[in-house]
Each structure stands twice: as structure tokens, then as C-alpha cells.
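Features of the protein shown, as given by Swiss-Prot:
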- 1-20: topological domain 'Cytoplasmic' (TOPO_DOM)
- 21-41: transmembrane segment (TRANSMEM)
- 42-188: topological domain 'Lumenal' (TOPO_DOM)
- SER55: active site, charge relay system (ACT_SITE)
- HIS95: active site, charge relay system (ACT_SITE)
- ASP132: active site, charge relay system (ACT_SITE)
- 174-185: region 'C-terminal short (CTS) helix' (REGION)
Amino acid sequence: MFTEEIKAFRRLGFRHVLLQALNFATVIASGLMIWKGLGIITNSESPIVVVLSGSMEPAFYRGDLLFLTNPVSEQYKTGDITVYKIPGADIPIVHRVLETHDVPPKGRKAKEAGEPASQLMLTKGDNNYVDDLELYQGLQWLERKHIVGKVRGFLPYVGYVTIAMNDFPQLKYALLGVLGLLALLQRE
């Protein structure tokens, strides 16, 4: 089945295969560094997310790729589209801020130090009938620590690649295997 590939693998020699594996590892490490660098620049643990449901239609559709930032100094306003993550839930949610409340800092020392007011938020999907209170798992409001970021831009339908990879894991592993094999057998 893979006899030609095995012959090519033997013909290339150990050093060449090792060099190709090192090049492949460099590409992977570079991708991770770029991802972490984007996270630091945008102050977001996940600066790029994919819309996984239709709850934000017509603003965003399933498969849209969203670009996020999370500036510390900026307060969220009603109407902002945010991505938040509740503790215990592994999927971030993209919804619009419906209400905000500023809570002044507690204690005299905090006020004198000039700490900013903390912000509480209530969100709702544009395509949903009710707010997200039931999604908060016992919380009354979202706090700033739950927010992954504010949507700054998007690319329509580009995220369908991610959705397809998650819906069909065999496709993901097949693509990774083929890419790895091609990287090892490349003759540069």
C-alpha cells in the first residue's frame, strides 16, 4: 500500500529525515509562538474564535471567524459583542452585552489607590428570545474575568474548516498524517 513511500523514506537517509522532522517542529513552534504573541498583544487568551451556533444571527453566522481584543482600560458598553467563558464550560460563547453595572471598589484603600470599578454584565444572543442568565451556571452576572474579548472584526465562513475538523475527527487525523508525511518526504 505504501511501498513507494517506504522506499523513498529509505532512500533519503536518516539525516535527511531528521532534518525534515526538525523543520516540521520549527514550523509548529513558530505557529505556537505567533498564537501566544497574538494573545499577549490583544490581552486575550484566545484572540481568534469560531462561531459555533446560530445564536448571533444575523450579525454572525455559524462558521464565521472572529478577531478579539480585551483592553484592560476599556469598559464594556451595552451593544458590544463579547466572547465569554464560564468556569466549567469548555466552549466560549459569543453574545451581545444587554446590560452593564459598574460596582465601585470596596474599601477605603482600594478607593484611595484609584482602583477602577468592576463591571457586571448581562448578555443575550441576537437570535435568542431570553437573556443568558441560565447559561451562567448559578452566577447572577458575568464579571470581567469571564470575558475572553470584544469582537473587533470577522471573516465570514472561514471557520467552517475548524467545525469540519471537530465534527469529523478522522478527517483531522488524516490531514495531519498526510501533512506530516509530506513534510518528511519533501526533497529540499
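Every residue gets a Cβ built from N, Cα and C, even glycine.
Where Swiss-Prot records a feature, it is marked here on the structure.
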residue : record                           : DSSP (3 states)
SER55   : active site, charge relay system : coil
HIS95   : active site, charge relay system : strand
ASP132  : active site, charge relay system : coil
Can you count the other CB atoms that lie within 10 A of the CB of ASP132 (active site, charge relay system)?
21
Measuring CB to CB from HIS95 (active site, charge relay system), give everything in the same chain under 8 Å that is also at least six residues away in sequence.
SER55, MET56, ILE81, THR82, TYR84, THR123, LYS124, GLY125, ASP126, ASN128, ASP132
Using DSSP, how many residues of the region 'C-terminal short (CTS) helix' (174-185) fall into helix, strand and coil, respectively?
12 helix, 0 strand, 0 coil
How do the residues of the topological domain 'Lumenal' (42-188) split into helix, strand and coil according to DSSP?
38 helix, 41 strand, 68 coil
Among all the protein chains here, how many other CB atoms are within 10 A of the CB of SER55 (active site, charge relay system)?
19
Please compute the mean pLDDT of the model over the topological domain 'Lumenal' (42-188).
87
